[in-house]
Amino acid sequence: PGPNVPPVYGLEVSDLLQWEEDVLKPALEIVESFIQGREPPAEPVKMEYDVNENKRSHRVCELCDRIIIGDREWAAHTRSKSHLHHLKKRRKLEAASHAAGTEGDSGSAETLGEDSSMSLP
């Protein structure tokens, strides 16, 4: 909800045989009434609103390199496909670097062992 957000209307789209009657005709009526500046024949969908919600909070998602404004937007962002993709990618990189770090330690010990077994001139 906000001052620059147009109303959203829900239409019954479950029966494809009734598409023109249930979807196309009501949608055209809503658009036509909007263009003519009169009240549409249907009621807009009401959005849930939490009085404790902060619409102006600023959060930085360092993972996605984005600034998110608003609690609702932050919640939506953290559940978004893009954010979850970046999260999965970072976890994979961290696991790989952790594995490389432990392999590097054992690998260097093996190298030292080989070096120490070599005879000196």
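Numbers run from 1 along the shown chain.
Every residue gets a Cβ built from N, Cα and C, even glycine.
Annotations in TrEMBL come from automatic prediction, not curation.
Database features, via TrEMBL:
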- 79-92: compositional bias 'Basic residues' (COMPBIAS)
- 61-83: domain 'Zinc finger double-stranded RNA binding' (DOMAIN)
- 79-121: region 'Disordered' (REGION)
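For the compositional bias 'Basic residues' (79-92), the DSSP counts in helix, strand and coil order read 12 helix, 0 strand, 2 coil.
In the predicted structure, the domain 'Zinc finger double-stranded RNA binding' (61-83) carries a mean pLDDT of 92.
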